[in-house]
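Novice: According to TrEMBL:
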DOMAIN    A:17-81  domain 'P-type ATPase N-terminal'
TRANSMEM  A:76-94  transmembrane segment
TRANSMEM  A:251-274  transmembrane segment
TRANSMEM  A:294-319  transmembrane segment
ACT_SITE  A:Asp367  active site, 4-aspartylphosphate intermediate
BINDING   A:Asp367, A:Lys368, A:Thr369, A:Glu467, A:Phe508, A:Lys532, A:Arg566, A:Thr646, A:Gly647, A:Asp648, A:Arg759, A:Lys765, A:Asn788, A:Asp789  ATP binding site
DOMAIN    A:811-1058  domain 'P-type ATPase C-terminal'
TRANSMEM  A:842-863  transmembrane segment
TRANSMEM  A:875-895  transmembrane segment
TRANSMEM  A:924-944  transmembrane segment
TRANSMEM  A:964-982  transmembrane segment
TRANSMEM  A:994-1025  transmembrane segment
TRANSMEM  A:1037-1059  transmembrane segment
COMPBIAS  A:1123-1133  compositional bias 'Polar residues'
Amino acid sequence: VLLLIFYFSTEEERHLRANDRPFNLSYHYANNAIKTSKYNIFTFLPLNLFEQFRRLANAYFLFLFILQLIPQISSLSWFTTAVPLILVLSITAVKDASDDINRHKSDKQVNNQTEKWMNVQVGDIIKLENNQFVTADLLLLSSSEPLNLVYVETAELDGETNLKVKQALTVTGDMGDNIDELAGFTVQGTLTVNGQTYALDNDKVLLRGCTLRNTEWCFGLVIFGGPDTKLMQNSGKTTFKRTSIDHLMNVLVLCIFGFLASMCTVMAISNAIWEVREGSVFTAFLPREPGVDAALSSFLSFWSYVIVLNTVVPISLYVSVEIIRLGNSFYIDWDRKMYYPKNDTPAQARTTTLNEELGQIKYIFSDKTGTLTQNIMTFNRCSINGKGYGEKLCLYKNYNNTDKVDFLWNHLADPKFIFHDHSLVETVRAGNPEAQAFFRLLALCHTVMPEEKKEGELNYQAQSPDEGALVTAARNFGFVFRSRTPETITVVEMGKQVTYELLAVLDFNNVRKRMSVIGERNPEGKLTLYCKGADTIIYERLHPSCNKLMKVTTDHLNEYAGDGLRTLVLAYKDLDEDYMDDWKKRHHEASTAMDGREERLDELYEEIEKDLQLLGATAVEDKLQDGVPQTIEQLAKADIKIWVLTGDKQETAENIGYSCNMLREEMKDVFIVAANTAEGVKEELQRKMCPEAPEEASVIKARAGLFWCQKTETVQDEKVDGDYGLVINGHSLAFALEKDLQLELLRTACMCQTVICCRVTPLQKAQVVQLVKRYKQAVTLAIGDGANDVSMIKAAHIGVGISGQEGMQAVLSSDFSFAQFRYLQRLLLVHGRWSYLRMCKFLRYFFYKNFTFTFVHFWYAFFCGFSAQTVYDEWFITLYNLVYTALPVLGMSLFDQDVNDRWSFQYPQLYSPGQLNLYFNKKAFVRCMMHSCYSSLILFFIPWAAMYDTVRDDGKDIADYQSFALLAQTCLLVVVNIQLCLDTHYWTAVNQFFVWGSLAAYFAITFTMYSNGMFLIFTSAFPFIGTARNSLNQPNVWLTIFLTSLLCTLPVVAFRFILIQHKVRKEALPAPAPRRLPTRRISTRRSGYAFSHSQGYGDLVTSRRFLLKKPLKSRLALFTQTDSPLAENQPQHYRTIAEEPEEAQSP
Amino acid sequence: MVKQEKASANRPDNTAFTQQRLPAWQPMLSAGIVIPGFVLIGLAFIGIGVALFVTSRGIQVLEIDYTGVEQNSPCFPCTDQNRKNCVCDVNFSIDTLFQGPVFFYYGLSNYFQNYRKYGVSKDDYQLSGDLSYFKAPSSTCSPYEYDKNNKPIVPCGSVANSMFNDTFKLFQIVNGAKKQVSLDGKGIAWWTDYNIKYRNPSVTPLKNAFNGTVKPLFWSKPAYELDLSDPANNGFINQDFLVWMRRAALPNFRKLYRRITDGDYAQGLPAGNYTLEVSYNYPVLSFGGRKKVVFSNVSWMGGKNEFLGIAYLVIGSMCVFMSIVMLIVYAKFKFPEED
């Protein structure tokens, strides 16, 4: 019996004993259940209230409420604050509750997944089967595979879709599926079996979130469960995102507090003066309360005015903002134009608090694989012996129209393979020797592993998707790569099975940029070297007789590269048997040499790979997602900068840059930063685009945020004399992100139209985003599909996940998700723009209506001895924000559109006001206040003058306080409603209903509250009885209302009219630019050898080691996924093995 | 079909609402609407303004300040605080017929009936005749809640306590003799105040309801003796009391005192000399206030107020002016000068 202790850097040691629950439970390790919910039934009320009162606004209103309970200063009844506060609190509580219920549900769902994940305890041994998710962090014990290997896909963790190999310790692996034996040990950081200890490392741990692939079963020991797993530990740090409007709003609310305090101070001082000059002599009719002198009275009046004027800080602001954002999020969820029918995925606004920020995006950081591209390679065109085949690639053409080539004659063909040029098939079937040699080469020269689960159902696992695409092409054109042993390759050539002796594999690496295979055709014994590789490399090694063909092929290559295809050149060479024998001998010597093995092998390869005969070239398309180039063009027109951050290598990234129109041939220059030292990077970054630019980047320092305590530094955009592109690789980026170089990097990058960072790690992605965030003060968006994008999705202001694919990690941490990159333009240009517009309109209007409302009290103070007498009825004050003006403004901020979606697309430049923050900023806020000030002056002094000393038409009183209050509040309501009408551009029936309904409701409620019945029931609550009847039947009251409304509105109309005239003249909208057709690239920058990043595993293929135990046994397919939602999309599947299996460890 | 539906189970509904395609009206501030609109509004305003102005001009108003600040004014002797039951005669003459019905107002200036603490200093329950509040007035009435002997004051509070208590008699001097002009004190308060808001307790005689209470400190007689001649004008539904209780919005105000509607003066006050006999009780000089009486008739637009007419005229003209300005701006930007 063994014991296991894990030492984790962060934690004390873990002891556990396999399948010994009582022992393991004694340590109280977290079990596998996951809890993300915040409340339960009992804790909800206190916790939620506590949370809510932590918000400044709510706390402020609670404070106000308490103030109102003090009789000496209570200038308003308690309900004027209590009713709105309770309403606001309950709305928020309902929302929080429903959120938490959802979290409870999803927790339950995760915990109850198939095998009841929550029941898994630390120390349990569990069995996993193929395609199952790993339930907890496991120590791998044994597996069905040779050498105790298991294959896992870690897409959920790091976004890499290639398979990783994990290997169990031999000692446990040998136990196989014998559970009794497996359970017989304990683990201790090292694993102890029968007294012997074995070292454990990360290689033996399967992390939660991985998926088991190509492995029939495996056994694992649970070492970390639930919240302790790496996945949960890493995903726990979700930062709460706030929009820039939120920040601005906080600052403004703070300013308003200051403003309120100063208004109240003015009132208090004035009150003191009044008390001394007037009040003291007025005591005959209003004696002071004992002990209250002018000073105390002034102090009390300060607080009384805090209560009266509190409406400048609008209580319903935050709730309304939340409601508007929620509504606008629903529009995103509901949008059919962002719904992807192929895998039934609608767009989803996962965070409902960031909408308006979508209208302010300045930088987009995009992943490449899976986001811009589909991660599918298709064999698209080829050039065989100087003749080009295949459709010319056209980005804007619908492929469905051309008829596909029918491969029915070939029963081994891959049905998902699509090709559009019939002549190629005919050529091959007619027996054209070059064409046959071409495909034979493709069928032989590769490191693909075949899998034939059922007769005729071939599956290829390729190291890179390109290779798979080529082998599949050969397969469909009649050269089916059927099986492989370490020494042979079996190919079905035009229906005839042929076996080739594999004499040598001259593998790919980054220096060679080519790969060759030497094969001997059985039974003839013809020796041939097949070689494929980057054009520049192969061309150097061609036989001079090929010169003519080379020229034609080069033209083809240029054409392909111009279309953004990845190209390879194929060549062959017949070998002499004697020479081959000699070479083989030397090869053997070299490969067994103790020192200088690599060099010697390279020399040998170099020697044999020359005087090659050119066969042709292939062009593989790295398939872009639909509509990517158009989307990028649109976004570029909207002045959004797009940076591609990819883990791919430079050539591939550049290629994609070209094919989706981000890099263009007409660019003045494309800088490539690939230095490996800090100095080198600095030098390369400082190549000046514009010579007159200053040496140092100009940084503007400012202060912002709450209390202006936040220092901001902004790197200014500099003018550039043309379009530039920047490509920087991961190594250089690491240096460039250092403190002293990052500003230089940012400066250079921002001068470029296009920035592509390749071979970047997830961490670097986040760093780049943060760099831009910090020094550009711009709103950023990150879009990606894999877990390697999670960090940048979380770092950016807005994270977008591509949903509908296998890995959900990106989506789970994103704020918005949809299935296709192209929906991004709709999200930003339509939804974002509208949301921003609506939010800004809302805020401007909301502040206007509250300030106007409040300032009238201020003016009235000068006529009522600064006694904190309100102008309006208390009920009106209570209901003004909640009932009378709530719905019209909500209607506007949910339905308004200045232009419809088609116009938004047609004129992407309409997006720029959001980026520049034009619609709502401090200036706009001050304008709002000025406007309110004007309106409130009108609203007070017109009724004041109109009512001065006047009477009713029957001589009775009308200049009394109650009539005046009614008049003032009616004027106010009419004015703010007309203002709303002026602000509304898009009048739907709902808007009409809300506006007219609110006015009607006002009159209905007012008449009801001022009715006899209400007074008789609640005598002291409704003292305004009869006021409405007595004053609203007077013509001069209505004439006053009319005058006031028009006087408030007409200047606004006139001002806007003149402004529009001025603007239309100044910035007449340009006609939409004609869509730029993709310009052909007369490229010198051709795509290189597009194989995987690391060295190939030709070594492994021929080493026997890999195939040692069970060579190509017919067992479960390595990679079956026909039921996956992606299948429709994916013509071929490959298995990618990037990691070499480790040497079997001997204990 | 069923299968297809299932496959696109998540497809959002295609409604005008969810797709934000609700039919809508999108008005624009175009020159064709704004400029004619301003002209029309301007003209309409000028029209209304002229009507208001003419009407207002037609209203006759006679204001007489009787505070007695100046030494030679008739009521100066009464300003002495120590004089009780002081009566002074104010003489005035009318040149032309003062068209009836004539309304007789008293006016106070610099009097803050709209002071918050003053305004809340009353008890609505008490005033609606609820007897339990006779015994224990609301604390809002403080300091006129209880008197020194801790007896409840009814009606309590500052507003009631400070009720205007000057009384007037109007005489026309006909051939040297005084002819009293009959003044109508009924129907000067709001119907709702008289019938709903203020009610006497249903106790007869009314006096009994006030047992155990004291009258407001400044009052000379208790509430149930305000008008002994007419029970419908007594107690809390005394019309003078109601008029006073409807507190003014502004520190300068006038309140209806009487109407001159019947008898010889139903057609108005004929030209001639008049004497107003003021029984001067209400002290205003301490806080720099003024007292006045106002005779006025009314029109469809109420009392005399020239502001409204002038405002309409001014704004109407400004609208027309603005429309011309906008036309010029529009023309300038629409047809820019050729360079």
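Every residue, even glycine, has its Cβ placed from backbone N, Cα and C.
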Novice: Three states by DSSP: which one describes A:Arg759 (ATP binding site)?
Specialist: coil
Novice: Tell me, what is the mean pLDDT of the domain 'P-type ATPase N-terminal' (A:17-81)?
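Specialist: Its mean pLDDT is 81.
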Novice: Just checking, which of A:Thr369, A:Asn788 (binding-site residues) has the fewest C-beta atoms within 10 Å of its C-beta?
Specialist: A:Thr369
Novice: Where A:Asn788 (ATP binding site) and the residue listed as 'active site, 4-aspartylphosphate intermediate' are concerned, what is their Cα separation in Å, rounded?
Specialist: 9
Novice: What whole-number distance in angstrom separates the two most remote CA atoms of the ATP-binding residues A:Asp367, A:Lys368, A:Thr369, A:Glu467, A:Phe508, A:Lys532, A:Arg566, A:Thr646, A:Gly647, A:Asp648, A:Arg759, A:Lys765, A:Asn788, A:Asp789?
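Specialist: Result: 34 Å between the two most distant Cα atoms.
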Novice: Cα-Cα, whole number of Å: A:Arg759 (ATP binding site) versus A:Asp367 (active site, 4-aspartylphosphate intermediate)?
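Specialist: Per the Cα atoms, A:Arg759 (ATP binding site) and A:Asp367 (active site, 4-aspartylphosphate intermediate) stand 11 Å apart.
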Novice: Quick one: Cα separation, A:Gly647 (ATP binding site) versus A:Asp367 (active site, 4-aspartylphosphate intermediate), in Å?
Specialist: 8
Novice: Got a sec? Which of these binding-site residues, A:Arg566, A:Arg759, has the most Cβ atoms within 10 Å?
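Specialist: That would be A:Arg566, with the most Cβ atoms nearby.
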Novice: Give me the DSSP three-state residue breakdown of the domain 'P-type ATPase N-terminal' (A:17-81), ordered helix, strand, coil.
Specialist: 31 helix, 1 strand, 33 coil
Novice: Give me the Cα-Cα distance between A:Arg566 (ATP binding site) and A:Asp367 (active site, 4-aspartylphosphate intermediate), rounded to a whole Å.
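Specialist: About 19 Å separate the Cα atoms of these two residues.
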Novice: Expressed to the nearest Å, what is the distance separating A:Asp367 (active site, 4-aspartylphosphate intermediate) and A:Phe508 (ATP binding site) at their Cα atoms?
Specialist: 27
Novice: Can you tell me whether DSSP puts A:Gly647 (ATP binding site) in helix, strand or coil?
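Specialist: Where A:Gly647 (ATP binding site) sits, the three-state DSSP reduction gives coil.
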Novice: Would you mind checking how many other C-beta atoms are within 10 angstroms of the C-beta on A:Phe508 (ATP binding site)?
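Specialist: If we count other Cβ atoms within 10 Å of A:Phe508 (ATP binding site), we arrive at 26.
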